[in-house]
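Enquirer: Once you've had a glance at the structure underneath, I'll fire off some questions.
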Amino acid sequence: MIILGIDEAGRGPLSGPVVAAGVILDQDKIIDGLADSKKLTEKKRQSLYQQIITHAKAYTIVEISPQQIDELNILQATLKAMHQVANNLERQFDKVLVDGNKLPNWDYNSEAIVKGDSKIIEISAASILAKVHRDNICLEHDRLYPQYGFAKHKGYPTKEHLENIKKYGVLDIHRKSYKPIQLLL
């Protein structure tokens, strides 16, 4: 059975997109060290990212913008991203396994698995792709807006991030539907 693993990164931050990734692994090309991206060092994630995009049978990465998150809400934006991931890889898999407890409204043979990123290697691989991709976006945001410190906090609502928003203002990349941002508008 060919499994498509899907996971997301970036539901909690105040800025940037939510990112979903899907991975179909090549059973003949074992990638050692796959685990939940949050349990890996940045260096290990980067190394595994390169191995995954090189050796996976198929993969895709989808971004949903802060503006779309504001229009839909974060749950619906995440489900939309996951749906788009599955559609991008349609007819290449037999079953979809998604990290978490919610599935998009779709007709695919699928299952939501709580802590799936720690249990299913395809979901672990998707977790790594989503996290590294999103972190790279945050590094680009840091280059564009160095005073905000995106390289450090990755958009999460840290004390430093909130103080920098108060000091320098709300950017287009901030999620205006999120309460901490609304309070600063």
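Every residue, even glycine, has its Cβ placed from backbone N, Cα and C.
Just so it is clear, the model here is predicted, and its values are computed rather than measured.
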Enquirer: Can you find which of Asp70, Asp94, Asp99, Asp107 Swiss-Prot lists as binding divalent metal cation at the same site as Asp7, Glu8?
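Expert: Within the candidate list, Swiss-Prot flags Asp99.
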Enquirer: So if I draw a 10 Å sphere around the Cβ of Glu8 (divalent metal cation binding site), how many other Cβ atoms end up inside it?
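Expert: Total other Cβ atoms inside 10 Å, all chains included: 27.
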Enquirer: Might you list, by sequence position, any residue in that chain lying six or more from Asp99 (divalent metal cation binding site) with a Cβ less than 8 Å away from its Cβ?
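Expert: Listed in sequence order, they are Gly5, Ile6, Asp7, Glu8, Ala112, Ile113, Lys115, Gly116, Asp117, Ile123, Ala126, Ser127.
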Enquirer: Averaged over the domain 'RNase H type-2' (1-185), what pLDDT does the predicted model reach?
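Expert: 97, rounded to a whole number.
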Enquirer: For a quick check of packing: other C-beta atoms within 10 Å of the C-beta of Asp7 (divalent metal cation binding site), how many?
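Expert: Excluding its own Cβ, the number within 10 Å is 30.
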Enquirer: Helix, strand or coil by DSSP: which one applies to Asp99 (divalent metal cation binding site)?
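Expert: For Asp99 (divalent metal cation binding site) - judged by DSSP and reduced to three states - the answer is strand.
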